[in-house]
Amino acid sequence: MTSSSPAEPSAQTAARRISKRRRARGLLARARQAMIKRTYLLPAVILTVFGFLYALNPTESNPVHRFIFLSYRLDHASDHPLAPTDPDTPVQYGKGPRDIAFVAFYTVVLSFTREYIMQELIRPLARRAGLRSRAKQARFMEQMYTAVYFFFLGPAGMYVMRSTPVWYYNTAGMYENFPHRTHAAGFKFYYLFQAAYWAQQAIVLLLGMEKPRKDFKELVGHHIVSLALIALSYRFHFTYIGLAVYITHDISDLFLATSKLLNYIDHPLTGPYFAVFMFVWIYLRHYINLRIIWSLLTEFQTIGPFELNWATEQYKCRISQVITLGLLSFLQALNLFWLFFIIRIAYRFLRDSKATDDRSEDEDDELEELDEDEKKKLIEDDKKARAENKVNEKTAANGASR
């Protein structure tokens, strides 16, 4: 009989441990690769975890509730001083720190929807539209997602505005009955959901998920000002001003994105639609926004109280007037900067019958990096062409020798 030495089991155990470590590393590496390839997986995991945690106790006492649902509900039975007393008034919602959790959660939601819709739904459309390079596909995907988002949020903003004193861009309604410390559920959800969208777009910029254009610095400035306006308007109760500014940018962005999409696929309606887009841009981003800025100079002080009182949360005063005026004026300057490019694109289209975006980096270069499938197809086609040429050359040589 042969007996194994005591060293053999320990060697086998060590080998098993090494094997397990390698398998674990392999799984982690595959998971990492999957998340890099499909960037929607990480936010999907986060949302799944939150959903599971809330399902354990689906009540307001669950800390996860504040992430998924609106906080600070004030119904008619509430004894809160801001609760509605008129039975015809809809349930109102106040404001507070929990709203930050709501915005953070829906930032993750929008991160998932953006990446999933772009990669799984829009990319195949880009390929069907004949866009071969990765760069062109990426531009198409970005603009298509923007168009889809604002196709829903633009009309939603108009619907919310219709039930407020600001309808239809009634600037006096921005200051009547100030401060606006409570809002209906639809208004609050819309406002915070939009805040989440702009926060998510800021993450896209910070992580470099979109190829920078020549106006990258201006775009960063636009996002900083927009986020500052959103945060300050919500905290200091200038949400009616914020609502009006939201809608002017949302609808004009919808027309901008769809105009770019038509240009990417060389649609015959590109020219006429670009003219419609220019009208919408000038009307909303300049005429309406300049009216809002003018109201800050003429109505801000004269309609409603004009004082700073922290106890009553009365913030409509000289300081807030200057800050709001400065931020909106900076936003208007950026919009004028982009209007210059829009007019130049229109001029070149009339001259050359081609709309070229000066801000793009090599957007129309046919030598951009191709999609992997396209690369393989081109390589295979090249091999076939070379093989056919060799056969033809041999046939020609044999014919000549005869």
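Using the three backbone atoms N, Cα and C, a Cβ is placed for every residue, glycine included.
Annotations in TrEMBL come from automatic prediction, not curation.
Look at TrEMBL and you will find 1-13 tagged as compositional bias 'Polar residues'.
The feature compositional bias 'Acidic residues' is assigned by TrEMBL to 359-372.
Sequence annotations record features per position, and here TrEMBL assigns domain 'TLC' to 135-351.
Summarising the annotation, TrEMBL assigns region 'Disordered' to 1-21 (among others).
Taken from TrEMBL, the feature region 'Disordered' covers 355-374 (among others).
Residues annotated as transmembrane segment in TrEMBL: 40-57 (among others). Within its own chain, the transmembrane segment (40-57) has Cβ neighbours under 8 Å at 34, 64-65, 67-68, 105, 108-109, 111-112, 114-116, 119-120, counting only residues six or more beyond its boundaries.
Only residues 6 or more beyond the boundaries of the transmembrane segment (100-117), in the same chain, are considered here, and those with a CB under 8 A from a CB of the stretch are 38-40, 43-44, 46-47, 50, 66-71, 145, 148, 192-193, 195-197, 199-200, 203-204. Per TrEMBL, the feature transmembrane segment maps to 100-117 (among others).
According to TrEMBL, the feature transmembrane segment maps to 144-169 (among others). If you look at the transmembrane segment (144-169), the same-chain residues 6 or more away from its ends with a CB under 8 A from one of its CBs are 114, 117-118, 122, 125-126, 176-177, 184, 186-187, 190, 193-194, 197, 240, 243-244, 246-247, 250-251, 253-254, 256-258, 261, 288, 291-292.
What TrEMBL lists as transmembrane segment is 189-208 (among others).
Sequence annotations record features per position, and here TrEMBL assigns transmembrane segment to 220-247 (among others).
The transmembrane segment annotation in TrEMBL covers 267-284 (among others). Through the fold, the transmembrane segment (267-284) approaches residues 247-249, 251-252, 255-256, 258-259, 339, 342-343, 345-346, 349, 353, 355 of its own chain, all at least 6 residues removed from its boundaries and within a Cβ separation under 8 Å.
According to TrEMBL, the transmembrane segment annotation covers 322-347 (among others).
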